Amino acid sequence: MTMIPVCSLLLLCLSVFSLTSHATTTGSPKSQAICSGHRVSIPSSSVVWLPLNHRQGPCSPFPSSESETTPSTADVLLHGRARADTIRRLLNATAAFVDGAGDAIITVPTKLGTSLGSYEYVVTVGLGTPAITQTMTIDTGSDISWVQCRPCPVPSPCHLQKDKLFDPSRSATYSAFSCSSGECLGELGRAVFNGCSPGSSLCQYIVDYGDGSNSTGTFGSDKLTLTPAFAIDGFRFGCSHGDQLFNDRTSGLMALGGGSPSLATQAAAAKDAFSYCLPPTASHSGFLTLGVPRVASSRFVVTPMRRIRNIKTYYGVLMEGITVAGRRLDVPPAVFAAGAVVDSGTVITQLPVTAYRALRTAFAEEMERRKYRRVAPTNGFDMCFDLTAGEVELPSVALVFDRGATLELDTSGIVFDGCLAFYSNGDDASVGIIGNQQQRTFEVLYDVGGRAIGFRRGAC
């Protein structure tokens, strides 16, 4: 039996360059919440610690009252499904999954971004000299980081953001790459390179996303300050002068994919490993850590990391089964043979259709045994319940991966607005997606050097 936790402790919400507490928020009833901070002790002084938060929540650097164009839940979930569909189409057209065979530790806080119009997670960093605060969505499914830069007219072709627009002309350390530079030719690739700017021959990029959104601008470099004590000189990123279909108030995107030039490949500490913890609610903070000591990795349950032969961006795993209320479902292992991508940017996990149907049936039986009433489906889900009467008791749900690594989900990863928080792929041949809803409260370790992905429960 799994109990849904109740948040009761009010702590201060930490950001990189200031201490800010949003004790209450304004707006719709759903947005009225308090920031309860992080649920773990701040690491020792040998580790630089920063928060990771939901970008729409009370722990977000942006008060919810400033989110004038917050998208609906249905819109956010539709965006996530479109993203997952694009990942599957890309991976289905390539080779199958294959087994894979720094001293500094930098930790950055992460926050759920609901106050900014998203169910994704954000970090706050400094960019340029002097450093300008920028709040960016983290994304393990992208390799190109970018922020909106002047000139960038709003609301079109750029979107409104809370932070001050980055002005490269006012940074003493900014440099744009020329079209003939090794960085332009060697890192962008054909799909991202977008020609040369007229007259100045500066390297131009364009990044297209699965939901139809995109970012376009100049590829360059500048100083990235992760904490007051740690910075990356010459961090390579996109200076966006136009983006489409972004309706949140973030400054841009921090790429954590496995390909160059993501933060995971540029930060020396992250080349062997990085990890994050996504908090269960918008009222809590998590963290992003670049570089994880090998001694710490022993605290995780681990499964082999499986990568695509021709696509370095995505981090893959192989599922073996699912349990509901401690009972292993009767799903043939071959159903999971296509593998699954662990993705911070997709909200809801998508399973092979046979596995999803088995999960749905078992979950329904357990909920009916607990006398919960079925209600009309919503937001693309097809199994929803009335969970408004008192304390909710949910059956446990666990995902089982290769070599027995078991992820027993937090209650926030089992239901979403009263609905079973999973989607179907539609077939058994496509690659699955492990979304951020199911990753909540776990420290997820990307041990690139050891070719493993690990999970540590209750980390935030």
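Each residue, glycine too, has its Cβ placed from N, Cα and C.
For ASP139 (among others), the entry in TrEMBL reads active site. Long-range C-beta contacts of ASP139 (active site), restricted to its own chain and to partners at least six residues apart, with a cutoff below 8 Å, comprise GLU120, LEU253, MET254, ALA255, LEU256, GLY257, SER344, GLY345.
The number of other Cβ atoms within 10 Å of the Cβ belonging to ASP343 (active site), over all protein chains shown, comes to 25. The active site annotation in TrEMBL covers ASP343 (among others).
TrEMBL lists 121-456 with the feature domain 'Peptidase A1'.
According to TrEMBL, the feature signal peptide maps to 1-23.
Across the residues of the domain 'Peptidase A1' (121-456), the predicted structure has a mean pLDDT of 92.
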